[in-house]
Amino acid sequence: MSKMNTTPEQEHQATTADDEVLVSVRNLRKHYGADSFLSDDPVKAVDGVSFDIHRGETLGLVGESGCGKTTLGRTLIRLETPTSGEIRFDDTDITTLSGSDLKQWRRNAQMVFQDPDSSLNERMTVGELIRDPLDVHDWKTKSERDERVRELLEKVGLSENHYFRYPHQFSGGQRQRIGIARALALEPEFLVLDEPVSALDVSVQAKILNLLRDLQSDLDLTYLLIAHDLSVVRHLADRVAVMYLGHIMELGETERLFENPANPYTQSLLSAIPEADPYAESERITLRGAPPSPRNPPEGCPFSTRCPTKIRPEKYRSVDDDVWRAMEELRGILRERARTDRSIAMIARELLGLETRLSDIDEIVEEVFGGVDLPPELSTHVDRVVHEVTDGNPEAAQSYLKREIGGPCDTDTPEYYTVDDDGRSSYCHRHTAEYDPPSPTLRSE
Amino acid sequence: MRDYPAPFARWLAGVSLLLLVELGAVLSFVLGVANDLLRLTLGTAPLSGAVSTSQSLPTLISRDLVPNRGYYTGEEWAGTFLGLEPKYAWLIRVALVVVYGAVWCGWLWFGYITFRRHYRVADWTPTDDIIDRLRSHQWGKFGMVIVALFLLLALFAPVVSPTTMEQNIQDPYSNQIQYFSEETGEVQTTTAGAANRQSTSVGSVARNVGPWEYDNFNRFHPFGTLPSGKDLFTFLAYGARISLFIGVSSMLGAGALAMSFAMISSFYKGAVDLALVVTSDSIQALPVLMILILAAVVFSNTWIATVYNGALLFIALFTLIYWPYLWRAIRGPSFQVAEEEWIDAAKNYGQHPAQIMRKHMAPYIVGYMLIYASLTLGGVIISVAGLSFLGLGITPPTPEWGRAISVGQPYVASASWHISLIPGFLITLVVTAFNAMGDGIRDAVDPQSAEGDEATAAAAGGGGA
Ligand code: SF4
C-alpha cells in the first residue's frame with residue numbers, strides 16, 4: 001500500500017472521473033459549544049471529514065451512535081452551521097449561504113427523518129403537511145399545489161383520499177411515506193435519509209427501502225443514507241463511509257468494503273454483526289469499552305483507545321499479548337477516571353488529605369494484573385503509575401504511560417491510504433509498509 | 001360552504017335571532033366599549049348619542065319586560081310583572097337570562113356539530129378527542145357551568161339585578177321610588193337614598209335586611225342589603241363585571257406574553273432563554289402583594305388610576321407580575337415541542353421562524369396556556385378582592401366583591417352575616433370553578449399528565465397572591 005498525501009476524495013476522483021460530483025465536502029468540522037462561554041471543551045461531533053457524493057448515487061454513512069453521523073447529515077443540509085470547512089453543492093459553497101439564498105437552496109436538499117412519530121405535526125392533515133413546503137416557497141398556484149400533493153401521495157404509495165386524514169390515523173410505515181412525500185414536494189436533487197427505517201417493523205423496512213430505491217431511479221435522486229444497521233446500508237448504498245468519533249475511517253464501494261474491510265475499525269464493526277453463514281470460522285473481535293467522549297478525543301488515531309490491532313512501540317513487540325492487554329486496560333481505566341468529573345466533595349477531601357476514590361489504585365492494579373506475569377521493565381512503569389496516582393497526580397501518571405508505552409497510534413494522526421483499485425481509502429497507520437497490514441485476525445502486536 | 005349553504009344558513013339564522021332579541025343590549029355594549037376607548041384615546045366621546053339611542057332599543061330580556069319593582073297596595077302588587085310578587089318577577093327574569101345563556105351554548109354546540117357534519121372534510125381530527133375527553137370530565141364540566149353562570153351574571157348584570165346601578169348605588173338621592181306606606185295606607189314617594197338609609201344591615205335584628213327579604217319599601221333583596229342599605233345582589237352582579245374584566249384581560253395579556261416568550265426561548269434556546277429565565281426569576285422574587293400595594297399607592301393619584309376606576313392599572317400590573325408564572329408553567333411543554341423532528345423538517349424546507357412557532361408549536365402550547373391561565377385567573381380575582389378589602393383596589397363607589405367582604409366584616413357574627421359571607425362564598429366558588437375548568441382542560445389536552453403535578457400546583461400557588 002502506498003502512502004499518499006491526499007484526501008480520500010482526490011483519490012476517488014482519479015478513478016471515477018466520469019461521475020459528476022453533486023456534493024463535495026472538505027475538512028468539515030462541527031464543534032458544539034465552541035462559541036458558548038459557559039462550556040469548557042467543545043464537543044467535536046464532526047472533526048475534519050472530506051468526501052464527495054456523486055450525482056445519482058447512494059452514499060451510506062455508518063457508525064455507532066454518537067459517532068457524529070447524524071450531525072454530519074444535518075450539517076450537509078444546513079440544519080447545523082459548520083464550524084469550519086467547505087460544503088460545495090453543485091459548485092456553490094453552501095456554508096456561507098444565508099437569507100433568501102439559503103431558503104432558495106433548501107429546495108434542493110431535503111431530509112427524511114428517523115422517527116415517524118415525531119417528524120409529522122399531528123395537528124395538520126396529511127395534505128397540509130405535504131403542502132407546507134410548497135406554500136413556504138410559493139410554488140405555482142393554490143390548485144396546482146393541491147394537485148401536486150395528490151400526485152405525491154400516489155407516488156409514495158398512499159392514496160388521494162388520505163389528504164384529509166391526520167398522521168395519527170396512519171401506521172409507522174405509512175407515516176414514513178408521508179415524510180418522504182413531504183421531502184419530495186419541492187423536487188430536491190439530494191436527500192439525507194437519517195435512519196429512515198430504524199423505527200419501523202422489520203416487515204415494513206424492506207418496503208420503505210424499495211420505495212426509496214424506486215424513487216431514486218424515477219427522480220434521479222442522490223442519497224446520503226445514515227444508518228447504524230449495516231444490512232440496510234448494504235441493501236441500498238453504492239458506497240459506504242464508516243465513521244468513528246467525528247472521522248471517516250474508511251470509505252469505499254459497498255460490496256468490497258463489506259467483503260474485505262481494510263480499516264481495523266471497520267473490521268471490528270463488521271465482525272459485530274452475525275455472519276449469514278453460521279459455520280464460517282471467523283474470529284469475532286469484541287470492541288473494548290465505550291467510545292471516548294467527543295469532547296475529549298484521543299490524540300493520534302481516534303480509534304487508538306479501543307483498537308484491537310493498535311501498533312506497539314518497537315521494544316515491546318515481544319511482550320506477551322495478555323500482558324500488553326492489561327497495560328492498555330490500565331491506561332483505559334486512568335482515562336475513564338479522568339473523564340468522570342471530580343465532585344466538589346472529592347476535591348475537598350483531597351485538599352484535606354483524606355482518602356479519595358483514586359487512592360484505590362492498588363486494588364485496580366491488583367485486579368488488572370492479577371495472574372499476569374509482568375516483565376520487569378513494565379513493572380517499573382506500573383509502580384510509577386501507582387506512585388503518581390497515590391500522590392494525587394493522575395494526569396502525570398497518564399502522560400507517563402503514554403510516553404513510555406504509547407506508539408504511533410497515540411501520537412500521530414493517520415493519513416488516508418488508498419487500499420484497493422477502486423479508490424477505497426482507509427485511515428490507519430498500518431497501511432504503511434512499516435507495519436503489518438490490518439487484518440481481523442491480527443492481534444495487537 | 002358555497003356548494004352547500006343550507007345548514008350554515010340555518011345556523012346563522014339562529015344566531016341572528018338570538019342576537020336580535022338582545023339587539024339593544026348588544027349594541028349599547030359594543031358602542032359603549034368603543035365609546036370608552038375613543039374617550040381614552042381622543043379625549044372626546046363621539047358615540048355617546050349612539051349609545052343612548054341603542055339603549056332605548058327594545059330588548060326581549062330586560063327589566064322593562066319583566067319588571068320586579070313595584071309596591072303593595074294592601075291587596076295586590078302594582079307595577080310588577082303580571083302583578084306578581086317582586087321576588088317571583090325577579091326570579092322569572094333571572095330564569096329567562098339563564099335560559100337565554102343556555103340556548104346560546106346549545107346553539108354554538110349545534111354550530112360546531114353542523115360544521116363537523118357538513119363542512120369539515122376530515123372525518124376525524126385530534127381536536128375531536130380533546131372535546132370528547134372534556135365532555136366526559138364531570139369535574140371540568142361542573143367548573144364550566146359555574147364559570148358560564150358567572151359570565152352571565154357579569155354580562156347581564158343590569159338585567160339580573162333587582163334594582164339598577166344608578167338608582168341604588170351610584171346616585172341614590174336623585175332617583176325616586178314609590179312605596180306603599182302602612183301608616184298612611186297610601187302610596188308615597190321618596191328617594192332611593194332615603195329608602196336605603198332605612199334598609200341598612202348593621203348587625204342587629206331590627207336593623208337588618210337579610211337574604212331573600214323585603215325591606216320596608218317593598219323592595220326585594222335576594223342577598224340582603226349592605227350596611228349602607230344598598231342592594232347586595234346588585235352590588236355583586238356589577239362587581240362580577242369588574243373582577244371578570246380584570247381577570248380575563250390580565251390573563252390575556254400575561255398569556256400572550258408568556259406564550260410568545262415560551263416559544264421564543266424554546267426555539268432559539270441559549271442566551272435568549274437565559275435572559276428570560278433571569279428576568280422571570282427577578283420578577284418572581286418580588287413579593288406580589290407588596291408590589292401591588294406599593295403600585296396602588298404610588299399610582300393612586302395619576303391618570304392611569306382613573307381609567308375604569310383603576311382597573312387598567314391592575315390589568316397592567318397583573319400582566320407584568322403573572323407572565324413569569326405562566327411562562328414557567330408552559331416552558332417545559334414548549335421545549336418538548338421544540339425538540340420534535342417536525343420543527344427540523346420545517347426549518348429544512350425553509351419555513352420562517354415566526355411561522356414555525358405559529359403553525360408548528362403554538363397549537364401544542366395553547367392548551368397548556370388555557371390550563372394555567374384559568375388556574376391563575378382565580379388567583380387574580382382573589383388578589384383584586386384582597387386589595388379592595390385593604391381599601392387599595394377599585395375605587396368606590398364602583399362595586400367590587402372584596403369591598404363587600406370588607407364592609408361586612410364587622411358583622412360576620414351578627415344578624416348581618418350575609419354581607420361578608422355571601423361574596424366570600426361566591427369568590428371561593430368561582431375560583432374553584434376556574435380551577436375545575438383548568439383541570440378538565442388539562443386532562444383533555446394531556447391525558448397522560450398525572451394528577452397534582454408540580455407545575456399546576458406552582459401556578460395555582462402563584463395565583464393566590
Ligand atoms: S492507526 Fe492504529 S489505532 Fe488507529 S486504526 Fe490503525 S492500528 Fe488502530
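The backbone N, Cα and C atoms fix where each Cβ goes, and this holds for glycine too.
Per TrEMBL, transmembrane segment is recorded for B:12-34 (among others).
The annotation transmembrane segment is assigned in TrEMBL to B:90-110 (among others).
The transmembrane segment feature in TrEMBL is assigned to B:142-160 (among others).
According to TrEMBL, the domain 'ABC transmembrane type-1' annotation covers B:240-438.
Taken from TrEMBL, the feature transmembrane segment applies to B:242-262 (among others).
Listed by sequence, the residues of this chain that lie at least six past the ends of the transmembrane segment (B:274-299) yet keep a Cβ under 8 A from its Cβ atoms are 261, 264-265, 305, 310, 313-314, 317, 320-321, 323-325, 327-328, 383, 386-387, 390, 392-393, 462, 465. For B:274-299 (among others), the entry in TrEMBL reads transmembrane segment.
The transmembrane segment annotation in TrEMBL covers B:305-326 (among others). Packing against the transmembrane segment (B:305-326) from elsewhere in the chain are residues 36, 40, 242, 245-246, 249-251, 253-255, 257-259, 261, 279-281, 283-284, 286, 288, 291-292, 295-296, 299, 369, 372-373, 376, 379-380, 383-384, 387, 393-395, 398, 458-459, 462-463, 465: each is 6 or more residues past its ends and has a CB under 8 Å from a CB in it.
The feature transmembrane segment is assigned by TrEMBL to B:365-395 (among others). Long-range neighbours of the transmembrane segment (B:365-395) within the same chain, counting only residues 6 or more positions beyond its ends whose Cβ lies under 8 Å from a Cβ of the stretch, are 130, 242-243, 246-248, 250-251, 254-255, 258-259, 262-263, 288-289, 292-293, 296-297, 305-306, 309-311, 314, 318, 322, 325-326, 329-330, 333-334, 337, 401-403, 405-406, 423, 427, 430-432, 434-435, 437-439, 441-442, 444-446, 455-456, 459-460, 462-465.
According to TrEMBL, the feature transmembrane segment maps to B:415-434 (among others).
Here TrEMBL flags B:446-465 as region 'Disordered'.
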Could you give the residue numbers and ranges of same-chain residues that sit at least 6 residues beyond the transmembrane segment (B:12-34) on either side and whose C-beta is under 8 angstroms from one of its C-beta atoms?
47, 50-51, 54-62, 100, 103-104, 107, 110-111, 158-159
